[in-house]
Ligand SMILES: Cc1cc2nc3c(=O)[nH]c(=O)nc-3n(C[C@H](O)[C@H](O)[C@H](O)COP(=O)(O)OP(=O)(O)OC[C@H]3O[C@@H](n4cnc5c(N)ncnc54)[C@H](O)[C@@H]3O)c2cc1C
Ligand SMILES: Cc1cc2nc3c(=O)[nH]c(=O)nc-3n(C[C@H](O)[C@H](O)[C@H](O)COP(=O)(O)OP(=O)(O)OC[C@H]3O[C@@H](n4cnc5c(N)ncnc54)[C@H](O)[C@@H]3O)c2cc1C
Ligand SMILES: Cc1cc2nc3c(=O)[nH]c(=O)nc-3n(C[C@H](O)[C@H](O)[C@H](O)COP(=O)(O)O)c2cc1C
Ligand SMILES: Cc1cc2nc3c(=O)[nH]c(=O)nc-3n(C[C@H](O)[C@H](O)[C@H](O)COP(=O)(O)O)c2cc1C
Ligand code: FES
Ligand code: FES
């Protein structure tokens with residue numbers, strides 16, 4: 001086994017039987033690699049900058065966490081209301097409230113550097129150049145384990161057409177970011193694309209170390225008393241259990257085509273849900289909305305996966321990745337090879 | 001007020017105060033018009049051919065109902081399992097089990113002809129010609145009030161790319177069907193399109209009397225015990241409350257652009273939900289999955305809308321259509337003009 | 001409640017009914033026997049094998065979304081009471097088993113067809129797996145009441161999963177099998193079937209599909225032509241319960257048939273296995 | 001429950017706690033006073049204005065999805081009991097009000113900041129609208145216990161919506177207003193405020209946002225500089241309750257502030273209205 005990105009999250013007790021291997025490398029083609037002790041990641045926008053949860057759960061035990069989406073300049077976000085509950089889901093239109101990349105760098109890397117858990121920074125931008133510029137700035141920082149590029153943003157140069165809806169535009173962003181940094185690079189796909197597989201293949205070709213999906217679906221709720229959209233922004237991103245079937249389908253399709261690791265997310269709220277995504281072909285998973293409902297959920301899922309693996313005699317999680325594909329999926333190098 | 005397509009669904013009692021006007025014409029530009037006494041329609045695939053519910057609810061009170069999707073030839077559908085429950089939603093992969101257009105014609109039109117409630121036939125096909133052929137056959141039948149064209153079907157000539165994902169292909173189908181029949185023509189849009197507004201504008205231009213939306217989202221569930229997709233077909237259509245926010249957003253966007261009536265659907269399960277769609281710009285609504293859960297729901301919504309209109313002093317439902325758009329929506333002729 | 005719905009109930013059209021929970025008692029291992037009071041006209045419509053589609057969630061929630069089908073275990077038209085035997089399995093059944101006296105349930109039904117007794121049949125063999133006892137207990141009661149002879153075979157994982165004999169009429173010959181041999185025959189309930197095949201005029205089964213497969217395999221060499229006739233209740237996940245969605249079909253020799261309207265009871269020889 | 005979660009609770013890190021429902025009683029019109037037993041260390045952390053985010057649905061359901069925030073109405077550290085005043089409004093509160101003794105609730109908290117008593121403040125004016133009484137009742141109890149003088153103003157639609165005086169310490173001067181004049185002043189509770197402004201060293205308010213607007217308009221001409229200081233509890237829909245999602249922000253003169261961590265209590269003069 002190659003070395004971990006940071007030390008193991010839990011010192012094994014002497015009486016522990018040799019445990020199953022939950023570790024995963026999300027950037028196997030990258031010399032800087034992105035090794036996680038387990039495949040459970042807190043999703044962008046749902047975990048702040050890690051500190052918000054540090055007093056509530058043992059953050060260090062996570063496979064990794066992804067920061068709130070960062071932009072080049074600080075943003076104060078959208079007017080209120082920013083969230084609305086929907087059946088088994090929620091809409092958000094936070095509007096990327098964040099301190100900007102300089103604000104992030106001032107505060108967090110030096111804290112993250114002292115942490116065992118890998119911190120991944122999620123970036124949003126309005127032009128290819130801006131994405132690249134942000135990646136270059138992050139490249140030099142300590143305490144940053146990787147970058148997740150959110151391509152579900154409007155491309156100002158193309159009249160606000162979303163980067164992530166178009167394979168070409170997504171690949172352009174990926175290539176520019178790739179050129180600007182050697183950091184492990186996840187590209188986070190948009191479910192709004194008419195054919196998400198072609199977007200995934202394009203960003204793989206353009207140099208992404210991994211793809212993560214899905215971002216939120218665009219939705220809306222109307223307040224019938226006021227006869228107006230509930231959200232000040234009218235539309236918002238739909239997340240939570242409601243979108244799980246759509247997310248799972250997209251992960252299944254993408255994992256059936258690409259060779260880089262796939263990070264699956266969308267409505268994961270239990271160990272069972274996590275297993276569905278792994279079997280669909282995800283090498284790791286992110287948990288977003290469900291953390292709001294149950295902050296300890298990611299830790300419960302880590303423990304739950306371990307219990308499940310022991311019960312099923314699964315030694316390496318790689319044995320399960322893609323298992324639901326009757327004909328298998330392209331081999332990926334996110335997990336150690338299973339001893340035969 | 002112009003004449004109803006068929007007589008009023010309920011003979012008003014003498015003591016009834018003059019009621020609010022719930023009627024709507026879904027084909028105001030078509031001489032054959034599609035006048036409904038109220039805007040509540042049972043959705044395709046969720047109401048069989050009307051007869052299945054005739055012993056359970058007063059079917060004649062509905063605004064209209066849409067038949068199960070019919071194909072040129074009979075189909076026995078997909079293997080089992082065909083349905084799976086998901087958070088606040090369900091997946092279906094029925095595979096268009098139906099008796100074919102000849103089977104439909106043999107049995108139903110002569111029954112529907114005796115009914116007060118308008119029957120709309122939903123058609124699916126694999127080529128432009130097949131759609132047109134089916135429309136021509138239906139054109140001559142009695143008891144059919146309109147056609148709903150399901151464009152969420154793979155176009156065999158284009159390698160299975162879905163008609164409804166592409167404005168051009170959707171318009172082609174619409175134009176061919178339009179040329180084959182003078183029947184009121186609804187085109188049912190697919191939520192898989194990257195920009196559903198451009199598809200709606202294209203089918204409006206091509207001669208649709210109305211658009212209906214949304215069809216199901218494509219989703220999946222995995223059985224972690226068997227390590228296989230739950231559905232025999234692997235993927236299926238996601239419907240129910242879970243998709244309501246996505247459906248509502250699409251209806252809002254489409255209604256803000258087209259001038260023909262919009263029929264909204266996706267997860268509607270209450271009068272409140274129906275009002276959300278009307279305020280988003282739908283002139284009428286369809287109810288699908290929620291009928292499975294509560295067969296009397298469409299009737300409850302009709303009554304609920306009437307109660308709401310009385311309480312709010314709304315005389316004509318047209319006053320509410322599109323009300324949630326701060327700047328209004330293009331004028332449509334689905335409702336009688338409000339006396340000023 | 002809207003006036004419209006009220007009117008429908010009045011005209012006897014809607015099959016959506018409210019049932020008051022009047023009792024819950026443990027039965028058959030960890031299952032719950034739920035007694036529900038319904039309009040008496042409804043209780044009178046019950047036939048063995050018919051079921052209700054029960055809404056298993058609180059008002060205002062839409063998850064779990066779909067109703068769950070439950071067979072009628074007992075019906076008392078005089079008291080306008082029905083009983084359901086609920087085995088705790090997943091979300092719906094767990095919710096249902098946690099109800100309390102006085103709670104009101106939303107039921108759709110009765111739905112589906114029923115087991116049919118051939119007029120001349122005197123000797124009836126019933127084969128139940130686990131919670132599949134429910135419709136067969138009702139059938140056994142009717143059969144005994146009409147003077148027929150019933151052998152009732154039940155299989156369970158262990159003795160604690162068996163139905164107490166008191167739920168069956170005393171005239172029934174009740175024979176059990178357990179996987180672990182803790183009571184009765186050690187092994188599958190279908191192992192017991194050959195002993196009774198020649199005796200039986202009709203066979204009725206309710207249980208999981210693998211049980212039907214082994215029942216069928218065991219019967220094939222023993223039956224004479226298609227005698228005795230075998231009826232099975234096919235479990236399918238259901239959405240509408242009314243024949244509209246085509247989600248619950250069973251492939252028969254006559255084509256696809258809905259198990260909610262044309263079933264759940266099918267002739268074993270009609271099903272494509 | 002996984003070992004991991006157990007360990008966290010042991011290390012005192014998780015704020016997810018289980019609370020046993022020990023009593024439910026009607027209070028203040030159609031509201032319910034819910035008494036919950038929690039670990040005593042939790043009850044000791046309570047301060048007036050802090051709240052718990054309560055999961056309002058059965059196990060296994062994911063609808064309604066999000067927790068609902070409820071202010072602590074009373075805290076008894078000795079008995080390790082908390083009280084919440086739940087007004088039936090929508091899905092979450094209806095579910096909560098239907099709980100029964102012995103049910104177990106899933107609570108996250110205590111969360112948020114608290115009202116702060118200035119050391120020198122002797123005369124405290126509390127202004128509550130409807131269910132907004134909850135945190136102010138707790139505050140009034142603390143204030144009286146520390147020897148301060150409290151005037152407690154409460155507004156409701158009619159007399160039946162008022163809190164019984166017995167819930168407040170007898171030393172409190174309790175003055176009420178009703179929209180229909182069925183008890184106390186006929187009109188808004190904020191109409192009563194001017195009478196007490198000069199007397200008050202500090203003002204504490206909890207109610208709907210329109211109440212704050214009229215409170216603020218009424219106070220503007222009467223205050224001397226920014227005296228008396230006014231603290232308001234801002235109601236926001238919340239997702240995480242922990243400052244992570246930024247869904248609950250309040251626009252202040254210092255920028256966007258989360259009402260779940262940096263609130264819910266804000267200085268009236270700090271908020272951009
Ligand atoms: C005709 C008939 C009679 C029955 N009689 C009885 C009886 O008398 N006693 C008894 O205990 N059980 C009976 N059942 C089974 C019962 O309906 C439930 O399936 C069972 O209680 C488990 O449901 P659950 O909600 O507890 O489990 P879940 O956890 O919801 O179900 C387990 C799995 O089945 C899936 N599922 C459940 N319902 C559906 C659906 N409608 N559509 C799609 N997927 C679904 C779930 O997604 C899950 O994967 C009967 C079933 C049928 C068809
Ligand atoms: C700090 C604080 C303290 C409170 N204290 C009390 C108290 O002591 N007693 C009391 O009765 N109430 C209190 N509330 C209000 C309470 O949290 C609920 O909002 C209220 O009970 C109504 O919820 P419901 O589920 O019954 O209604 P719903 O029908 O769910 O809510 C009404 C509307 O609000 C929306 N909504 C509700 N919660 C959210 C959310 N988290 N995110 C987005 N949209 C949402 C719903 O979608 C709906 O449109 C407090 C609120 C806050 C913020
Ligand atoms: C409140 C909120 C804020 C989010 N912010 C971001 C963001 O800044 N960048 C991003 O890429 N995704 C963001 N997301 C999307 C999530 O990371 C995730 O892709 C999505 O919510 C689906 O997962 P879930 O259903 O587990 O939440 C946000 C989601 C929520 C709910
Ligand atoms: C079981 C099932 C079968 C369906 N069959 C069809 C069909 O044949 N043709 C069609 O256009 N839509 C079909 N639909 C889609 C519905 O008409 C509707 O567009 C969709 O379910 C969203 O609405 P709902 O959430 O109210 O169900 C089907 C939906 C379900 C659940
Ligand atoms: S459940 Fe819908 S057809 Fe049987
Ligand atoms: S509720 Fe998430 S930041 Fe306050």
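For all residues, glycine too, the Cβ spot is worked out from N, Cα and C.
As given in TrEMBL:
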DOMAIN    C:14-117  domain 'FAD-binding FR-type'
BINDING   C:68, C:69, C:70, C:71, C:85, C:86, C:87  FAD binding site
BINDING   C:240, C:245, C:248, C:260  [2Fe-2S] cluster binding site
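Feature map: TrEMBL annotations on the structure.
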| residue | record | CB count, 10 Å |
| --- | --- | --- |
| C:68 | FAD binding site | 23 |
| C:69 | FAD binding site | 23 |
| C:70 | FAD binding site | 26 |
| C:85 | FAD binding site | 24 |
| C:86 | FAD binding site | 27 |
| C:87 | FAD binding site | 19 |
| C:240 | [2Fe-2S] cluster binding site | 30 |
| C:245 | [2Fe-2S] cluster binding site | 29 |
| C:248 | [2Fe-2S] cluster binding site | 28 |
| C:260 | [2Fe-2S] cluster binding site | 26 |
Euclidean distance between Cα atoms of residue C:248 ([2Fe-2S] cluster binding site) and residue C:70 (FAD binding site), Å: 15
List those of the binding-site residues C:240, C:248, C:260 whose Cβ lies under 6 Å from any atom of ligand 1, in sequence order, or write none if there are none. none
Ten-angstrom check, please: count other Cβ atoms within 10 Å of the Cβ of residue C:71 (FAD binding site), all chains counted. 25
Beyond the site residues C:68, C:69, C:70, C:71, C:85, C:86, C:87: chain residues whose C-beta lies within 8 Å of the centroid, for FAD: C:51, C:54, C:84, C:93, C:96, C:131, C:134
Can you tell me how far the Cα of residue C:71 (FAD binding site) sits from the Cα of residue C:260 ([2Fe-2S] cluster binding site), in Å? 12
Pop the Cα-Cα gap between residue C:68 (FAD binding site) and residue C:240 ([2Fe-2S] cluster binding site) into the table, whole Å please. 10
Its residues classified by DSSP, the domain 'FAD-binding FR-type' (C:14-117) shows 12 helix, 44 strand, 48 coil
Compute the C-alpha separation of residue C:68 (FAD binding site) from residue C:260 ([2Fe-2S] cluster binding site), stating it in Å without decimals. 12
List, in sequence order, those binding-site residues among C:245, C:248, C:260 whose Cα sits within 10 Å of the Cα of residue C:69 (FAD binding site). C:260
Near chain B, which of the binding-site residues C:69, C:70, C:85, C:240, C:245 can you find when the cut-off is a Cβ distance under 8 Å? C:240, C:245
Between residue C:260 ([2Fe-2S] cluster binding site) and residue C:87 (FAD binding site), the C-alpha gap once rounded to whole angstrom: 20
Local confidence of the prediction over the domain 'FAD-binding FR-type' (C:14-117), expressed as mean pLDDT: 94
If you check the binding-site residues C:69, C:70, C:71, C:85, C:86, C:87 one by one, which have a CB less than 6 Å away from any atom of ligand 5? none
For FAD, with binders C:68, C:69, C:70, C:71, C:85, C:86, C:87, what's the maximum Cα separation in whole Å? 13
What does DSSP call residue C:260 ([2Fe-2S] cluster binding site) in the simple three-state scheme? coil
Quick check: in three-state DSSP terms, what is residue C:240 ([2Fe-2S] cluster binding site)? coil
Which binding-site residues of C:85, C:240, C:260 contact ligand 4 in the sense of C-beta under 6 Å? none
Provide, as an integer number of angstrom, the distance between the C-alpha atoms of residue C:86 (FAD binding site) and residue C:248 ([2Fe-2S] cluster binding site). 21
From the Cα of residue C:87 (FAD binding site) across to the Cα of residue C:245 ([2Fe-2S] cluster binding site), what is the distance in angstrom? 26
